[in-house]
Structures are given as structure tokens and as C-alpha cells.
């Protein structure tokens, strides 16, 4: 009972439901009840799920997809799908974002994403934003694999923890995406009395001119619409998960440690018979006796005698997606998509640089003309 109470406390602390956020509040209760039902049914063996996969391997998953019985795939993704694009993840020892923030003189690494700290000291976040700002990186093989699932009519939704917008660059649109931890796509004034919205271009100009973005209307800070610690997740996260996960017939989890709530608990919202594929560098979200039994990641089971639906493919996300694409007969198509889309991005970048160079040249010429007249 004490552990269940602890779970409720953690959920409430992470959801941070406000009085005017009924969706978040309802979802918190739903999450707790789903967790307890799943916990007791698994522990007591009351509701074993049907075994859908003929083999708990990547081959078994591929055969299931090709069988035509798999029509509603949900992808859950984290920072690990973007590391090959040059964007660091958060927790990898030595290379992760949290391990390399010493230059910002933070009291602790996570402070850079704490809303209260940001309001007092916004400079470290915006300095980091200049380094990681969307538009400087290309989507990965993993991103384009999800785009291929969409093109083939198999992707119900991608639930992403990422704020790099690479899913959008790869071709997933707003309806395809639940950006659980927000996005740089829009920004808002942090004042509750104002909340004026600003565009991505406006924010980009401010960040790269090294100005701290301030609201034109009230003078308060303007923050990209990414979710900081201490803020609610987007309401759409809660409304969509109630609709999407009950009808999911394959859950693909990629590049996430499943340590951050309430995102991690999504793995337990699919039916007991829904296969779950993890493509990651290490196994995560597993249940062990004691506290592990009450794991907040959804009790993945890859290795026990009772395992019947969870598959772990240990590799980089790109290699895992390419391996699955090969088993599905999609490898050449995926390789061509990546090559074509990257070429288009390079072409757009080249045109943009030429345009900027031309504008700078005209500006320099105009300044020189003024100088001649003055002399």
C-alpha cells in the first residue's frame, strides 16, 4: 500500500495538475487506476494476454506486420533517436547533455529545464538553445522509418519526448504527432495575464542575436513551448492517449530510458495482448521483485518464463530500424528516402545561404555608397 501511495505521489508531482486543467487531473486518476489494475492482474496472473507474435524476436515482429493483422502502430520515442543527427541525449555518461553543462554554472544539471530557475536565470537555457536549435540538424534513419510507417498507412501516432522538431522535418505532421514535452514550433509569454504567442522565426531571431526574448506587450520573458520541470504536459497528450492506446496493435519504443513520468507509463496503456518492441541500446522499463514490480515504466518483460509479447532489439535506433526495414522488404525504399530527403534539405540550406550572402552583399554595397556620398 505504501508503494502504491508513493506511486500516486510521483504521478501527481509530475502531472502537476492545476485547478483549471481537468484533462490532466482526469488522466492522473486514469493512469493510477490503469497502473494498479495492470499490477494486480500481472502479479496474480488473473488476465494473461493472448500471444500474438509467433516468436519474440525482430523477425517475429516483422512477420506480424506483414501478416496484415497489424494496422495501428504507435511509436514512443526519446532523445536516443536523434543522437546520430548530432544532438546529445540527456543521461548517457560522459556524452549526455546533463554531463556537459558545467560551463553554465548551474546549481544542478536539471536546473536548466526548471521553470522557476528559468524565470530568474534565463541565460543558460537560451545559450544552450543556440547550440541545439532546430534547423541545424537532419532527421535520422529512425525518423524516416516512422515517416514510412505513416506513408504505408500503419502509423496511428508518434508520441515523442523530443523538442528538436525532427519528426516534423522528416514529414510527420501535427496530426501524426504528440509532442509530449512540447516544441520549439511556437513560443508564449510566461505571464499568465498575457500569454502572447510568438512564431518560431521570431524566437530564432532573438536567440541567435543573443537577446533574451522579452514580450512586446508586457515585457515578461518569452519561452519556447517546451515543457519544463514544474509545468503541465500539453492537454492533447492526455486526450489523445485515451483514444490511441486501447486500439494500438503494435507499440514500438525507441531511444528512451522510460524514466520520465507520465510519458513512461504509456507503455502500460496498450491491451495485454499488444506486442511491444523496444529498440534501444539497453533494456529498460523491466519489472523486478520489490520496487521493480511497481516500476513506473510499465513492467516490460523480455526475459522471464512468462514473457509473451515484449521484444528487445539492442542496437542504435537507426540500425534497429534499418534491420526491421530489411526484414519487411523496405530497406532499399528507406535508404532512397533518406538520401532523397537529405539532398532536399542540403539544397534548401544552400539556397538560403546564397540568399543571405546576396542580401549581405547588397547591404554592404549600400553602406559603401552612403560612405562615398558622405565623403
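Glycine is treated like the rest: Cβ placed from N, Cα and C.
Unlike curated entries, TrEMBL annotations are predicted automatically.
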Which residue range, 314-344, 345-375, is the one TrEMBL calls region 'Disordered'?
345-375
Residue 215 (Zn(2+) binding site) and residue 162 (NAD(+) binding site), Cα-Cα, nearest whole angstrom:
25
Six or more residues beyond either end and a Cβ under 8 Å away: which residues meet both conditions relative to the compositional bias 'Basic and acidic residues' (345-357)?
138, 169
For residue 218 (Zn(2+) binding site), list the number of other Cβ atoms lying within 10 Å of its Cβ atom.
13
Can you tell which of 189, 194, 215 has the most other C-beta atoms within 10 Å, given these are the binding-site residues?
189
Cβ within 8 Å of the Zn(2+) site centroid (189, 194, 215, 218 excluded): which residues?
190, 191, 193, 195, 196, 216, 217, 219, 220, 222
List only the single closest residue to residue 218 (Zn(2+) binding site), chosen from the recorded positions 79, 82, 181, 256, 281 by CA-CA distance.
181
